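Have a look at the structure below, then the notes.
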Amino acid sequence: MSQNWQQPQQPGGYGYPPQQPGGYGQPGGYGQPGQPQPQYGGGFPPPPPPAAQQGNAGLAILVAVIAAIVGAAIYAGILFALADTDKGEITKVAYVGVGVGALVGAAIGKFGGRNQGLWVLGAVLALGAVFVGELYGYALVAADMLEKYPAAFGGNPPSANEFFFEHFSDLFDGWKEDANAMTYIFMVLSPVAAFGAAKKLADR
């Protein structure tokens, strides 16, 4: 008596291939346990980012003070050059104060790095430089005007240095009377420019 022949079933049932040893997926696939992860070239971790340069505070202050003195002298010279001593009129230009501030701020940013305390100091020095430049410029104008009347001073009218160092209070009073809103606005621009220049150079 013959028996019906049946096709032998594949292991694993339902026609699917048998499961490979080692769980789901192919062994050694990316992200599987035990799989080595990619590393920085040479087998070492990447180096830490370089630390921000702090600069030399002492050198920055010294150079900034020198820049403030030079800036004050330039400011006074330009103020005197633009003045009409015959009429006693003084013309002020905003960009001169901005230039003085940028000069002082550049010294701070170049040598002081990202020290924000030095940025503030640079702004103060820039404001002082413009203030001194204003007063010494007025002293130059006053001395030039009085040279036209030597007889009133016994043939020896006071110089700009004498006005500035020996009659500073009178010079300051005259400056205050002549100052207006634009005078103070121009002065404020100088420390703003100094702070901005210091920050820009330090961020490079």
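Keep in mind that glycine also has a Cβ here, set from the backbone N, Cα and C atoms.
Just so you know, TrEMBL annotations never went through curation; they're auto-generated.
What TrEMBL lists as region 'Disordered' is 1-49.
For 1-11, the entry in TrEMBL reads compositional bias 'Low complexity'.
The compositional bias 'Gly residues' annotation in TrEMBL covers 22-32.
Residues or ranges marked as transmembrane segment in TrEMBL: 59-81 (among others).
The transmembrane segment annotation in TrEMBL covers 93-111 (among others).
Residues or ranges marked as transmembrane segment in TrEMBL: 118-139 (among others). With a cut-off of 8 Å between Cβ atoms, the residues of this chain six or more beyond the transmembrane segment (118-139) that come close are 55, 57, 60-61, 64-65, 67-69, 71-80, 83, 90, 97, 100-101, 104-105, 107-109, 112, 160-161, 163-164, 168, 171-172, 174-175, 178, 183, 186-188, 190-195, 198-199, 202.
As annotated by TrEMBL, transmembrane segment applies to 181-198 (among others).
Distant neighbours of the transmembrane segment (181-198): 92-94, 96-102, 104-106, 108-109, 112, 118-120, 122-127, 129-131, 134; these residues of the same chain sit at least 6 beyond its ends, with a Cβ under 8 Å from one of its Cβ atoms.
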